[in-house]
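Marked as domain 'G-protein coupled receptors family 1 profile' by TrEMBL: 41-290. Residues or ranges marked as transmembrane segment in TrEMBL: 24-49, 61-78, 98-120, 140-163, 200-225, 237-261, 273-292.
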(Lines of atoms letter the chains of each structure in order from A and count residues from 1; the text may use other names and numbers.)
(Lines give C-alpha, C1' and ligand atoms only; values in the text may rest on other atoms or scores of the structure.)
Protein backbone atom coordinates (compact mmCIF):
# COMPACT_ATOMS: atom_id res chain seq x y z
CA UNK A 1 0.00 0.00 0.00
CA UNK A 2 1.27 3.47 -0.89
CA UNK A 3 1.89 5.94 1.87
CA UNK A 4 1.93 9.70 1.83
CA UNK A 5 3.29 12.25 4.26
CA UNK A 6 3.70 15.99 4.66
CA UNK A 7 6.21 16.16 1.83
CA UNK A 8 4.40 13.94 -0.67
CA UNK A 9 0.84 15.12 0.02
CA UNK A 10 -0.70 18.56 0.25
CA UNK A 11 -2.44 17.78 3.54
CA UNK A 12 -5.79 16.38 4.60
CA UNK A 13 -9.33 16.94 3.39
CA UNK A 14 -11.85 17.61 6.18
CA UNK A 15 -15.15 16.00 5.19
CA UNK A 16 -17.08 17.57 8.04
CA UNK A 17 -20.71 17.72 9.02
CA UNK A 18 -21.53 20.45 6.51
CA UNK A 19 -20.73 18.21 3.55
CA UNK A 20 -22.93 15.39 4.82
CA UNK A 21 -25.84 17.56 5.90
CA UNK A 22 -29.13 17.63 4.02
CA UNK A 23 -29.32 21.40 4.52
CA UNK A 24 -25.70 22.61 4.58
CA UNK A 25 -26.63 26.26 4.07
CA UNK A 26 -28.95 26.28 7.07
CA UNK A 27 -26.41 24.43 9.21
CA UNK A 28 -23.66 26.85 8.20
CA UNK A 29 -25.87 29.81 9.12
CA UNK A 30 -26.63 28.19 12.50
CA UNK A 31 -22.92 27.62 13.14
CA UNK A 32 -22.21 31.25 12.24
CA UNK A 33 -24.87 32.49 14.67
CA UNK A 34 -23.55 30.24 17.45
CA UNK A 35 -19.97 31.33 16.83
CA UNK A 36 -20.97 35.00 16.88
CA UNK A 37 -22.86 34.35 20.11
CA UNK A 38 -19.84 32.58 21.62
CA UNK A 39 -17.51 35.44 20.65
CA UNK A 40 -19.86 38.12 21.96
CA UNK A 41 -20.93 36.47 25.21
CA UNK A 42 -17.51 35.12 26.22
CA UNK A 43 -15.81 38.36 25.22
CA UNK A 44 -18.33 40.38 27.21
CA UNK A 45 -17.94 38.13 30.25
CA UNK A 46 -14.15 38.49 30.06
CA UNK A 47 -14.51 42.27 29.85
CA UNK A 48 -16.98 42.53 32.73
CA UNK A 49 -14.98 40.32 35.10
CA UNK A 50 -11.76 42.19 34.27
CA UNK A 51 -13.23 45.70 34.63
CA UNK A 52 -15.54 45.28 37.64
CA UNK A 53 -13.68 45.24 40.97
CA UNK A 54 -16.59 43.49 42.73
CA UNK A 55 -15.91 40.38 40.65
CA UNK A 56 -12.20 40.16 41.50
CA UNK A 57 -12.77 37.10 43.68
CA UNK A 58 -11.68 33.46 43.13
CA UNK A 59 -14.99 32.26 41.68
CA UNK A 60 -14.93 34.83 38.89
CA UNK A 61 -11.20 34.49 38.32
CA UNK A 62 -11.88 30.84 37.44
CA UNK A 63 -14.97 31.77 35.42
CA UNK A 64 -12.87 34.23 33.42
CA UNK A 65 -10.50 31.38 32.56
CA UNK A 66 -13.44 29.25 31.43
CA UNK A 67 -14.61 32.04 29.11
CA UNK A 68 -11.11 32.43 27.70
CA UNK A 69 -10.84 28.68 27.05
CA UNK A 70 -14.27 28.57 25.39
CA UNK A 71 -13.43 31.59 23.23
CA UNK A 72 -10.19 30.00 22.02
CA UNK A 73 -11.69 26.50 21.72
CA UNK A 74 -14.47 27.50 19.34
CA UNK A 75 -12.14 29.82 17.38
CA UNK A 76 -9.78 26.92 16.64
CA UNK A 77 -12.53 25.06 14.76
CA UNK A 78 -15.53 27.14 13.73
CA UNK A 79 -14.10 29.92 11.49
CA UNK A 80 -12.22 27.41 9.33
CA UNK A 81 -15.25 25.13 9.03
CA UNK A 82 -17.45 28.04 7.93
CA UNK A 83 -14.90 29.47 5.47
CA UNK A 84 -14.19 26.02 4.02
CA UNK A 85 -17.88 25.60 3.26
CA UNK A 86 -18.28 29.10 1.77
CA UNK A 87 -15.15 28.77 -0.38
CA UNK A 88 -15.66 25.06 -1.19
CA UNK A 89 -12.11 24.42 0.03
CA UNK A 90 -11.83 21.68 2.64
CA UNK A 91 -8.09 21.07 2.73
CA UNK A 92 -5.85 21.54 5.74
CA UNK A 93 -2.08 21.28 5.66
CA UNK A 94 -0.17 18.64 7.60
CA UNK A 95 1.20 21.32 9.93
CA UNK A 96 -2.21 22.95 10.27
CA UNK A 97 -3.74 19.63 11.20
CA UNK A 98 -1.05 19.02 13.83
CA UNK A 99 -1.63 22.51 15.28
CA UNK A 100 -5.39 21.92 15.44
CA UNK A 101 -4.89 18.58 17.24
CA UNK A 102 -2.57 20.25 19.76
CA UNK A 103 -4.88 23.21 20.44
CA UNK A 104 -8.02 21.07 20.76
CA UNK A 105 -6.32 18.72 23.21
CA UNK A 106 -4.82 21.59 25.19
CA UNK A 107 -8.02 23.61 25.49
CA UNK A 108 -10.24 20.57 26.07
CA UNK A 109 -7.93 19.11 28.72
CA UNK A 110 -7.46 22.46 30.44
CA UNK A 111 -11.22 23.07 30.60
CA UNK A 112 -11.74 19.57 31.97
CA UNK A 113 -9.37 20.24 34.90
CA UNK A 114 -10.65 23.79 35.41
CA UNK A 115 -14.22 22.56 35.92
CA UNK A 116 -12.98 20.37 38.79
CA UNK A 117 -11.25 23.36 40.41
CA UNK A 118 -14.43 25.40 40.02
CA UNK A 119 -16.34 22.66 41.85
CA UNK A 120 -13.79 22.79 44.68
CA UNK A 121 -14.18 26.58 44.84
CA UNK A 122 -17.96 26.19 45.27
CA UNK A 123 -17.41 23.48 47.90
CA UNK A 124 -15.18 25.77 49.96
CA UNK A 125 -17.49 28.78 49.54
CA UNK A 126 -20.61 26.91 50.68
CA UNK A 127 -19.25 24.35 53.14
CA UNK A 128 -16.42 26.41 54.69
CA UNK A 129 -17.40 30.08 54.18
CA UNK A 130 -15.45 31.37 57.18
CA UNK A 131 -12.20 29.87 55.83
CA UNK A 132 -12.87 30.76 52.20
CA UNK A 133 -10.31 33.55 51.86
CA UNK A 134 -7.67 31.37 53.53
CA UNK A 135 -8.31 28.20 51.51
CA UNK A 136 -8.74 30.23 48.29
CA UNK A 137 -5.94 32.73 48.86
CA UNK A 138 -4.28 34.31 45.77
CA UNK A 139 -1.46 31.74 45.50
CA UNK A 140 -3.95 28.88 45.48
CA UNK A 141 -6.11 30.64 42.89
CA UNK A 142 -3.22 31.21 40.52
CA UNK A 143 -2.15 27.60 40.98
CA UNK A 144 -5.67 26.57 39.97
CA UNK A 145 -5.43 28.80 36.91
CA UNK A 146 -1.99 27.70 35.69
CA UNK A 147 -2.12 23.97 36.49
CA UNK A 148 -4.78 23.10 33.85
CA UNK A 149 -2.87 24.97 31.13
CA UNK A 150 0.49 23.36 31.97
CA UNK A 151 -0.74 19.77 32.37
CA UNK A 152 -3.03 19.90 29.33
CA UNK A 153 -0.41 21.46 27.03
CA UNK A 154 2.25 18.89 28.03
CA UNK A 155 -0.15 16.00 27.42
CA UNK A 156 -1.33 17.55 24.14
CA UNK A 157 2.24 18.03 22.90
CA UNK A 158 3.10 14.37 23.52
CA UNK A 159 -0.04 13.07 21.80
CA UNK A 160 0.31 15.46 18.87
CA UNK A 161 3.90 14.40 18.18
CA UNK A 162 2.93 10.74 18.44
CA UNK A 163 -0.20 10.80 16.26
CA UNK A 164 1.49 12.85 13.52
CA UNK A 165 4.47 10.48 13.28
CA UNK A 166 2.26 7.75 11.76
CA UNK A 167 2.29 7.05 8.04
CA UNK A 168 -1.14 7.73 6.60
CA UNK A 169 -2.76 5.86 3.74
CA UNK A 170 -3.29 7.41 0.32
CA UNK A 171 -6.84 8.44 1.25
CA UNK A 172 -6.49 11.92 2.71
CA UNK A 173 -10.16 12.38 3.63
CA UNK A 174 -10.92 12.84 7.32
CA UNK A 175 -14.61 12.15 7.95
CA UNK A 176 -14.75 14.79 10.64
CA UNK A 177 -15.24 18.50 11.26
CA UNK A 178 -11.69 18.97 12.53
CA UNK A 179 -8.35 17.22 12.93
CA UNK A 180 -8.73 15.07 16.03
CA UNK A 181 -7.11 11.85 17.23
CA UNK A 182 -9.99 9.32 16.74
CA UNK A 183 -10.64 10.09 13.03
CA UNK A 184 -6.91 10.44 12.29
CA UNK A 185 -6.23 6.97 13.66
CA UNK A 186 -8.58 5.55 11.04
CA UNK A 187 -6.24 6.83 8.31
CA UNK A 188 -3.06 5.39 9.79
CA UNK A 189 -1.55 2.46 7.94
CA UNK A 190 0.25 1.00 10.96
CA UNK A 191 -1.27 -0.98 13.81
CA UNK A 192 -2.63 1.66 16.19
CA UNK A 193 -4.11 -0.65 18.86
CA UNK A 194 -1.42 0.19 21.44
CA UNK A 195 -1.76 3.89 20.83
CA UNK A 196 -5.55 3.64 21.04
CA UNK A 197 -5.02 2.21 24.52
CA UNK A 198 -2.85 5.24 25.33
CA UNK A 199 -5.60 7.56 24.11
CA UNK A 200 -8.09 5.67 26.25
CA UNK A 201 -5.80 6.04 29.27
CA UNK A 202 -5.44 9.76 28.58
CA UNK A 203 -9.22 10.10 28.43
CA UNK A 204 -9.69 8.18 31.66
CA UNK A 205 -6.90 10.12 33.42
CA UNK A 206 -8.18 13.55 32.39
CA UNK A 207 -11.89 12.81 32.73
CA UNK A 208 -12.59 10.33 35.53
CA UNK A 209 -10.63 11.84 38.52
CA UNK A 210 -11.93 15.39 37.91
CA UNK A 211 -15.45 14.07 37.34
CA UNK A 212 -15.33 12.05 40.58
CA UNK A 213 -14.00 15.13 42.40
CA UNK A 214 -16.89 17.17 41.02
CA UNK A 215 -19.47 14.56 42.09
CA UNK A 216 -18.00 14.37 45.60
CA UNK A 217 -17.86 18.18 45.89
CA UNK A 218 -21.48 18.63 44.87
CA UNK A 219 -22.70 15.75 46.98
CA UNK A 220 -21.23 17.45 50.05
CA UNK A 221 -22.55 20.82 48.85
CA UNK A 222 -26.11 19.47 48.50
CA UNK A 223 -26.00 17.98 51.99
CA UNK A 224 -24.83 21.32 53.36
CA UNK A 225 -27.39 23.31 51.38
CA UNK A 226 -30.32 21.25 52.65
CA UNK A 227 -29.30 22.07 56.22
CA UNK A 228 -29.08 25.81 55.63
CA UNK A 229 -31.48 27.80 57.85
CA UNK A 230 -31.84 30.59 55.29
CA UNK A 231 -34.15 29.86 52.35
CA UNK A 232 -32.56 32.69 50.33
CA UNK A 233 -29.06 31.31 50.91
CA UNK A 234 -30.27 27.86 49.94
CA UNK A 235 -31.76 29.12 46.68
CA UNK A 236 -28.63 31.13 45.80
CA UNK A 237 -26.36 28.13 46.42
CA UNK A 238 -28.58 25.81 44.38
CA UNK A 239 -28.75 28.30 41.48
CA UNK A 240 -24.96 28.65 41.36
CA UNK A 241 -24.36 24.90 41.58
CA UNK A 242 -27.04 23.95 39.07
CA UNK A 243 -25.50 26.23 36.43
CA UNK A 244 -22.09 24.67 37.02
CA UNK A 245 -23.52 21.14 36.85
CA UNK A 246 -25.20 21.96 33.54
CA UNK A 247 -21.82 22.93 32.07
CA UNK A 248 -20.19 19.83 33.55
CA UNK A 249 -22.86 17.53 32.11
CA UNK A 250 -22.55 18.94 28.60
CA UNK A 251 -18.75 18.95 28.52
CA UNK A 252 -17.99 15.63 30.20
CA UNK A 253 -20.69 13.78 28.28
CA UNK A 254 -19.25 14.83 24.92
CA UNK A 255 -15.60 14.30 25.93
CA UNK A 256 -16.32 10.84 27.36
CA UNK A 257 -18.05 9.76 24.16
CA UNK A 258 -15.14 10.94 22.04
CA UNK A 259 -12.12 9.79 24.05
CA UNK A 260 -13.23 7.00 26.40
CA UNK A 261 -15.69 4.89 24.42
CA UNK A 262 -14.07 2.22 22.18
CA UNK A 263 -13.56 3.14 18.51
CA UNK A 264 -15.91 0.32 17.50
CA UNK A 265 -18.80 2.32 18.98
CA UNK A 266 -17.97 5.42 16.94
CA UNK A 267 -19.42 6.42 13.59
CA UNK A 268 -18.44 9.48 11.51
CA UNK A 269 -21.93 10.97 11.80
CA UNK A 270 -22.07 10.59 15.58
CA UNK A 271 -18.53 11.93 15.98
CA UNK A 272 -19.37 15.00 13.90
CA UNK A 273 -22.46 15.76 15.98
CA UNK A 274 -20.49 15.36 19.23
CA UNK A 275 -17.66 17.56 17.94
CA UNK A 276 -20.11 20.31 16.95
CA UNK A 277 -21.63 20.09 20.42
CA UNK A 278 -18.44 20.59 22.42
CA UNK A 279 -16.59 22.92 20.04
CA UNK A 280 -19.46 25.19 18.97
CA UNK A 281 -22.64 24.74 21.02
CA UNK A 282 -21.16 24.46 24.52
CA UNK A 283 -18.84 27.53 24.24
CA UNK A 284 -21.85 29.58 23.12
CA UNK A 285 -24.08 28.38 25.98
CA UNK A 286 -21.59 28.45 28.88
CA UNK A 287 -21.50 32.24 29.42
CA UNK A 288 -25.28 32.48 29.03
CA UNK A 289 -25.80 29.78 31.67
CA UNK A 290 -23.53 31.63 34.11
CA UNK A 291 -24.52 35.23 33.41
CA UNK A 292 -28.28 34.89 33.03
CA UNK A 293 -28.56 32.95 36.29
CA UNK A 294 -26.10 35.09 38.24
CA UNK A 295 -27.27 38.39 39.72
CA UNK A 296 -23.72 39.49 40.53
CA UNK A 297 -22.63 39.16 36.89
CA UNK A 298 -25.71 40.97 35.62
CA UNK A 299 -25.17 43.74 38.19
CA UNK A 300 -21.53 44.06 37.13
CA UNK A 301 -22.60 44.24 33.48
CA UNK A 302 -24.95 47.12 34.28
CA UNK A 303 -22.18 48.95 36.16
CA UNK A 304 -19.73 48.53 33.28
CA UNK A 305 -22.32 49.76 30.77
CA UNK A 306 -23.11 52.77 32.97
CA UNK A 307 -19.40 53.63 33.17
CA UNK A 308 -19.15 53.33 29.39
CA UNK A 309 -22.18 55.61 28.86
CA UNK A 310 -20.76 58.19 31.24
CA UNK A 311 -17.38 58.01 29.49
CA UNK A 312 -18.88 58.45 26.02
CA UNK A 313 -20.94 61.46 27.12
CA UNK A 314 -18.12 63.18 29.01
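Note: Cβ is positioned from N, Cα and C throughout, glycine not excepted.
As a whole-number mean, the pLDDT of the domain 'G-protein coupled receptors family 1 profile' (41-290) in this prediction is 86. Residues 17, 31, 34-35, 37-38, 41-42, 44-45, 63, 66-67, 70-71, 73-74, 76-78, 104, 108, 176-178, 180, 243, 246-247, 250-251, 254-255, 257-258, 298, 301 of the same chain, all 6+ positions outside the transmembrane segment (273-292), place their C-beta atoms under 8 angstroms from a C-beta of that stretch. Sequence-distant contacts of the transmembrane segment (24-49) (same chain, six or more residues past either end, CB-CB distance under 8 Å): 17-18, 55-56, 60-61, 63-64, 67-68, 70-71, 74-75, 78-79, 81-82, 85-86, 276, 280-281, 283-284, 286-288, 290-291, 297, 300-301, 304.
Residues of the same chain lying 6 or more positions beyond the ends of the transmembrane segment (237-261) and with a Cβ under 8 Å from any Cβ of it are 66, 108, 111-112, 115, 118-119, 122, 126, 180-182, 199-200, 202-204, 206-207, 211, 214, 218, 221-222, 225, 228, 270-271, 274-275, 277-278, 281-282, 285-286, 289-290, 293-294.
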